[in-house]
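Take a look at the structure below.
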């Protein structure tokens, strides 16, 4: 009798088991049911801190890469300069001549020796002078290519930190190889390769430095990255002062890249936003816990990161810590009408801004002092523009500020085009150029922040890389505008500034809007709230 009772009891247990979960299963289900899904911006705001000690230290360490870009870009000012010359004999040499082209060979010599610059060593004077502009244009062309390539790679498998590591190593290698160039064409090749890596340096550093920053501080942080670019240019002036020959200058300017890779990069973390969209939720959560701990905050265990498109869904048991990686490319940006239109505007506006910024830099470099002081002062002069735009960025918004700074620059460019080129008018034109670059420097900085906020994480670097490519194209064309001379360059710059400001009108305002993770999440949010497009 007891035997049949036991069997009957087992049968009842088997019948009830599919309907009544075990204690362990109940605990597991309750645990997941209590998990709260939040986006990256929500987690930073509520639990980790928008901009605490962790973000500050990470931002500073990462932004030093911008100084490297400033050094590797502007080194051409010193390496490719035309040195001073003097008569070596009194016979057949006119010391008052403006150029050595009409002088008898052997009657003059370079003051600092033939090794002082590439111009003197490779004979890039008179009929060969165009080669100076050629190597500089090829450098910026390579920057354009590198921005696109590393913009895509940093969105895909390499990540932000991986891409930044590679470009910094390449900068150091190609900088040293440039120093041992045996002839002009070898020099041009290595400068092209340096441009390829330099084009991705600032791009990767900008996104990596700003993505872990919360919404309320993101604009100010993004605007502050350009201080490091100016610091790099000022530091280059000091380096060039102590290393007078172009070969020693290239070696000395490569050392900061080596120091950055060895001493700073190990303390820089990958972007948690990139980890999230790549399905590495565990890794993203570890970084978020570090941020909270360093900032003196507490991140509860029942809070989990999720993509913006998943926040309103239930947390799946098996996908709360991992999911399939999301991939995005420039083709995805072009497929969606919303992002396609934004990309078109961002490309054209960045191109126009770059023409004015680099054009005015080349058109207003003479401050009446030596070359080293000129370059340093030009770098320092842009810093007030960065400060002012950062102070009003979150008050006025991205859109009004971009329009205002571009039109501010245009007004003084227009005035410069009307001023004559002699006497007091010449001084007035120089002042107009300085004020013009003051306004456009603020715009150039702002456009990085603005462009970053216009696209979701999964394609952000690809889109920003495309906009950066447009900027490099403007840098390539700017010297051709400058050589027109007189008031024509100012007139062209004024037109570009006015046109750029008009195009900004058609962009959405991104102030106080989150950084979206996916194309679907952004499209859904933008469709539900059409008011943000104005």
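Using N, Cα and C of the backbone, Cβ positions are placed for all residues, glycine too.
As given in TrEMBL:
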type	residues	note
DOMAIN	58-512	domain 'Major facilitator superfamily (MFS) profile'
TRANSMEM	132-151	transmembrane segment
TRANSMEM	163-182	transmembrane segment
TRANSMEM	188-208	transmembrane segment
TRANSMEM	220-243	transmembrane segment
TRANSMEM	249-268	transmembrane segment
TRANSMEM	341-360	transmembrane segment
TRANSMEM	372-393	transmembrane segment
TRANSMEM	400-421	transmembrane segment
TRANSMEM	427-450	transmembrane segment
TRANSMEM	488-507	transmembrane segment
Spatial neighbours of the transmembrane segment (400-421) not adjacent in sequence (6+ beyond its ends, CB under 8 Å) are 349, 353, 356, 360, 385, 389, 392-393, 428-429, 432-433, 435-440, 442-443, 446-447, 450, 486-491, 493-498, 500-501, 504-505, 507
Using a Cβ-Cβ cut-off of under 8 Å, list the residues of the same chain that are 6+ residues beyond the ends of the transmembrane segment (249-268) and lie near it.
-> 58, 61-62, 64-65, 67-68, 71-72, 75, 78-79, 161, 164-165, 168-169, 171-172, 175-176, 178-179, 208, 235-236, 239-240, 242-243
In contact by Cβ distance (the transmembrane segment (188-208), the transmembrane segment (132-151); 3 or more pairs under 8 Å) | yes
Same-chain Cβ contacts of the transmembrane segment (163-182) under 8 Å, 6 or more residues past its ends?
-> 62, 65, 68, 72, 146, 150, 153-154, 190-191, 193-194, 196-198, 200-201, 204-205, 208, 246-248, 250-251, 253-255, 257-258, 260-261, 265, 268
